[in-house]
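Asker: Pasting a structure here, questions to come.
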Amino acid sequence: MQINALAMPRVFNQPLTFNLPEKKLTVVIGQNGAGKSTLLNALARRLPEAAYLPQKNQIYDDMRVKELLALGQQRAKNAPTVDILAALAIEPLLSQRMATLSGGQQQRVWLAFVLCQQTPVVLLDEPLTGLDLRYQSRLAGLLRSLNVSVVMVVHDLNYAQCEADWVWVVHDQQLMAGTPGDMLQENFLSEVFNTPIRQHITTEGMRYFDV
Amino acid sequence: MRKISYGVIWLGLIVVAALTLGVPLGGQWPTRLIFWQLRLPRLLFALLGGAMIAVSAVIFQTTLRQRYLDGSMLGLASGSELGIALWTLCWPKAHTYRVFLGAGLAILLLWLLRQRILKTMAMSSVLPLAGLGLAMFLNAGTSLLTNQQGLLGQSLANVTITDAWSLGIVALIGVLMIQTDQAQLTFFALPQWHVAQLGVNEQRLSWFWQVVAAGYLGAVTAVLGTIFFVGLVLAQVVVRWWGGNAQARLLPTALIGALMLSVSDFFAHSLRYPVELPTGAMLMLMTAPFLMFILWGYHAD
């Protein structure tokens with residue numbers, strides 16, 4: 001999907017024209033304040049068909065989980081083909097009030113709220129915040145099974161390496177795109193994050209980053 | 001628990017209605033004339049007016065996503081009161097239909113506030129302060145114009161039959177508007193971004209609800225005067241006591257409001273009979289302890 005002349009003057013020195021990979025999982029990385037959230041926000045405004053989950057989400061009333069999800073489902077045109085509630089283990093929470101849930105539980109509910117809208121494009125800003133390893137792993141599997149175009153901001157380079165089909169790097173007022181193999185290189189990442197980053201390879205051939 | 005609460009409130013309403021309508025004051029039973037022309041309109045106004053003040057607060061708190069706010073803190077009641085005072089000065093006959101006038105003026109002031117203040121300050125903690133500043137300014141104007149104390153509210157002893165049926169019509173119009181399919185107060189529990197993504201025009205939806213809320217507040221204020229904080233407190237008492245989303249809280253909040261104003265008016269009428277105490281002052285006196293209760297709970301949280 002071609003995105004033309006996306007203007008974000010405070011972050012990028014010129015309007016961006018780039019390709020949003022369809023039905024792929026694209027991970028956005030970059031320093032704090034580089035403009036990742038601004039990019040996602042601008043994309044959400046450009047693509048009315050997208051569902052967007054910002055970093056911070058607040059409930060302003062006494063609302064139960066099932067009421068929140070019912071609002072999200074109002075946007076869906078068809079019955080869900082994937083059991084989102086089961087994947088994120090939402091069923092036991094359905095009758096609970098949002099205010100009584102832990103941060104991680106709330107994040108799972110917000111993710112379910114966005115995904116149950118069944119939009120062709122999903123934009124997630126730091127969706128892993130508060131999620132334990134089990135749900136981080138489940139989320140990637142769930143996003144793949146939904147067969148939609150996903151753009152998500154993450155800070156975990158190992159997660160990006162394991163799960164991404166495509167990587168966007170926001171750095172120095174530019175957006176760079178490539179495959180994880182191309183973009184997740186020691187020297188490049190060390191320059192992007194302005195800190196030495198090393199990549200290790202285990203005896204089983206697994207690659208991982210540390211600082 | 002909720003059924004018991006409903007039962008207690010309904011019982012309270014029946015008791016206070018029976019006392020207001022039937023109790024002998026000054027050693028005399030009410031005559032037929034007093035019953036139909038004084039006590040019944042006054043009771044109906046207190047029941048409906050209390051419900052309308054409380055519902056108005058729920059709507060403003062929800063649509064502006066401000067927990068501790070009501071229409072009086074936006075200056076709507078004070079503006080409506082000042083407008084009625086000015087209008088009556090120019091055209092005394094307008095006083096007969098002051099309830100409709102009050103509702104209209106509050107809606108007009110709401111429209112003006114939405115052009116700027118409610119756009120830029122919605123969801124900001126500065127909004128209640130800015131609103132109170134405006135309310136104080138308008139209230140001072142009313143006090144100077146009418147030689148009244150201004151802040152204590154008025155007595156419901158001056159309720160006329162016209163006031164009662166006028167308020168009934170305003171209440172009914174509001175209820176009919178609230179009943180329409182698209183009117184989902186629940187959307188305001190979400191951040192603005194999510195509401196927009198769900199395809200809901202928040203500006204239009206909030207205008208719809210706030211018109212009802214402002215109309216209700218202005219209509220009651222026309223007779224009762226400006227009552228600060230009462231709606232805020234009653235709405236928050238129901239949040240703590242009942243829970244549930246805003247749409248579901250409308251009915252219990254209305255009932256609590258009806259009970260509180262009718263009980264306050266009963267005491268204002270009977271405590272120092274034949275002297276009529278200001279109903280608004282009595283209402284604020286009775287509501288203040290609940291504010292303490294809410295703030296106590298806030299710290300416990």
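Cβ from N, Cα, C; glycine included.
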Asker: Using TrEMBL as the reference, determine which range in B:72-89, B:144-161 is annotated transmembrane segment.
Answerer: B:72-89
Asker: Residue list, the transmembrane segment (B:95-113) vs rest of chain: Cβ under 8 Å, 6 or more residues beyond ends.
Answerer: 71, 74-77, 79-81, 83-84, 87-88, 160, 162-163, 166-167, 169-170, 210-211, 214-223
Asker: Short question: most Cβ pairs under 8 Å with the transmembrane segment (B:165-190), which of B:7-27, B:39-60, B:72-89, B:250-268, B:280-298?
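Answerer: The stretch with the most contacts is B:39-60.
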Asker: Near the transmembrane segment (B:7-27), which same-chain residues lie under 8 Å Cβ to Cβ, leaving out any that are not at least 6 residues past its ends?
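Answerer: Counting only partners 6 or more residues beyond its ends, the transmembrane segment (B:7-27) has Cβ contacts under 8 Å with 35, 39-40, 42-43, 46-47, 252, 255-256, 258-259, 262-263, 265-266, 269-270, 273-274.
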Asker: Could you give the residue numbers and ranges of same-chain residues that sit at least 6 residues beyond the transmembrane segment (B:72-89) on either side and whose C-beta is under 8 angstroms from one of its C-beta atoms?
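Answerer: The answer is 60, 95, 98, 101-103, 105-106, 108-110, 113, 118, 127-128, 131-132, 134-139, 141-142, 145-146, 214, 217-218, 221-222, 225-232.
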